[in-house]
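Chemist: Under the heading compositional bias 'Low complexity', Swiss-Prot lists 8-22, 329-346, 384-405. Feature annotation from Swiss-Prot assigns compositional bias 'Basic residues' to 276-288. Among the features that Swiss-Prot reports, region 'Disordered' is placed at 1-29, 247-293, 314-358, 381-421. For 28-59, the entry in Swiss-Prot reads repeat 'ANK 1', with the evidence type sequence analysis. Positions annotated as repeat 'ANK 2' by Swiss-Prot: 63-93.
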């Protein structure tokens with residue numbers, strides 16, 4: 001819409017009120033005046049809706065001010081642009097003679113200055129005619145000759161102006177994109193000149209109505225150019241099919257083809273893509289036959305050029321020996337110096353590809369390359385790691401320091417810069433959502449909520465770290481953990497028959513950390529752990545007892561003090577006497593009752609005497625983690641305290657396996673001691689006549 005054009009549509013708002021005495025119209029502030037003072041997006045949308053419905057953009061209040069006056073006073077640029085688009089007059093004065101231009105300030109004043117620079121003739125004529133060829137605004141149309149134009153609705157002008165304001169024409173954008181549009185217009189004018197010979201009519205919507213501007217006919221172009229009125233489907237080039245390409249190959253089969261390095265694009269014949277373009281003859285008499293039939297060899301890049309730069313020399317980098325070239329005689333190829341690549345001779349058969357001479361590093365060579373800079377990169381070599389695992393470290397005084405160092409060793413073990421791609425990340429990324437969740441649950445990780453593109457990458461990284469921890473400790477991450485009777489760590493020891501050196505070293509380090517953390521002031525020394533075993537599996541020959549038989553015979557692991565282990569047997573005896581239903585519901589009491597019924601004595605073995613309650617809880621939980629809760633009669637798993645809560649399942653199982661191996665050693669030294677129903681005391685405190693609270697009274701005196 002021209003900025004100074006007036007809206008001629010009839011407003012739908014009600015007529016201004018009149019005074020009963022004089023009958024003269026008494027203008028008052030309309031809704032547009034209130035909206036013009038606000039710069040919010042809601043106000044701009046509401047004002048645009050009112051203007052589209054036919055509100056008067058130049059309505060005045062009692063002081064003669066228009067909505068544009070309010071927009072300029074409050075420095076509301078967006079509202080001023082909207083009002084100018086719908087035909088507001090910036091030079092209309094109020095009762096005091098002030099115009100919107102005179103009271104404007106800030107960004108609104110700058111906009112009005114730029115707006116006032118160009119004359120009305122330029123704004124109405126030049127820019128509309130200039131950008132009509134490629135503008136997307138609905139205020140410009142190009143029609144054919146002798147074609148009727150549909151009549152417009154009364155509010156069509158306001159709707160067209162609103163659409164123009166929404167999409168952003170030149171005036172509303174303050175002529176900021178004028179240069180870009182001018183450059184793009186040159187191509188549009190060039191296309192219109194070559195594709196049009198008829199007369200064009202531009203229908204321009206103005207405040208006076210529809211104005212038709214006729215463009216004079218241009219001269220007809222040359223005969224070689226196929227002139228058309230506009231772009232159509234027939235102008236598009238035909239896409240060649242297989243038959244066309246095959247026919248073109250048959251025609252050009254006799255001409256020699258130059259075998260050069262291609263760009264990777266499809267070799268579609270030029271004659272099919274551009275049928276109207278004349279093919280220029282190529283001068284072949286200067287080109288020899290040998291040049292046309294030989295392959296053009298490209299110089300191989302020098303992969304060692306980086307090590308000759310000053311930056312690499314200052315960093316202490318040096319080229320490491322690469323893998324031997326792909327040659328049948330590696331010894332001779334290593335002695336010979338590399339020659340300049342020559343042009344190979346052509347042969348009728350299939351040409352052999354040259355050997356790959358690109359230098360690369362293997363995993364061992366990478367470690368040798370970084371051997372001198374281990375301290376800079378804070379990486380330990382492979383031999384240092386193995387020696388560190390075999391030799392147990394000294395016990396530290398601070399538990400937090402020891403555990404932090406252990407975690408640092410794990411992280412350095414998992415994510416080092418020299419980690420070779422073992423295919424784990426590709427395996428993980430191929431997992432589906434359900435498979436990924438099940439793999440995470442094996443390591444005690446439960447995803448919260450659904451997996452999207454952002455959270456899946458995080459859980460993939462966690463799973464990769466856990467799998468590499470297992471791989472670095474000698475286990476297979478793809479092993480079926482569910483099918484194993486015990487934990488994979490205990491199964492490994494049972495299969496080998498002994499504790500590996502690195503396995504025992506890590507377990508000793510965990511034992512030292514537990515001792516240092518849960519001993520000292522504030523901790524007691526009266527707790528221990530105990531094991532209750534099945535005599536049918538354990539047998540009576542302690543000397544020939546194996547670790548596998550010992551582990552399979554354990555059906556209960558507990559922690560207690562004083563006579564706590566006897567409490568299970570006393571409860572079972574009382575239930576047997578009273579014949580209660582607890583023998584059927586409690587698996588532990590049911591097993592004890594079954595063994596006593598068969599006439600067996602039940603062996604009990606106590607370990608880790610004189611420790612605190614927290615340390616005994618950790619040891620009990622580690623043994624349960626190694627044996628697995630499903631193989632025991634315990635109702636729940638153990639409890640971890642302190643820094644042991646952050647242990648992973650591998651560390652817990654390794655420590656529990658270590659404790660079981662020690663328990664077997666002490667059992668062989670002390671022997672098997674059986675508990676029967678007959679040799680049990682009546683209570684846990686047989687030498688106390690009446691415990692405090694039992695019986696509800698004082699202890700009776702002994703008669704004289």
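Glycine is no exception: its Cβ is also placed from the backbone N, Cα and C atoms.
Predicted, not measured: the structure shown is a model, and the values here were computed from it.
Please situate the listed features within the shown structure.
Modeler: Confidence across the repeat 'ANK 1' (28-59), taken as the mean pLDDT and rounded to a whole number, stands at 87.
Secondary structure of the repeat 'ANK 2' (63-93) per DSSP (helix as H, G, I; strand as E, B; remaining residues coil): 16 helix, 1 strand, 14 coil.
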Chemist: Counting by DSSP, what is the helix, strand and coil composition of the repeat 'ANK 1' (28-59)?
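Modeler: Reading the DSSP string over the repeat 'ANK 1' (28-59) gives 18 helix, 0 strand, 14 coil.
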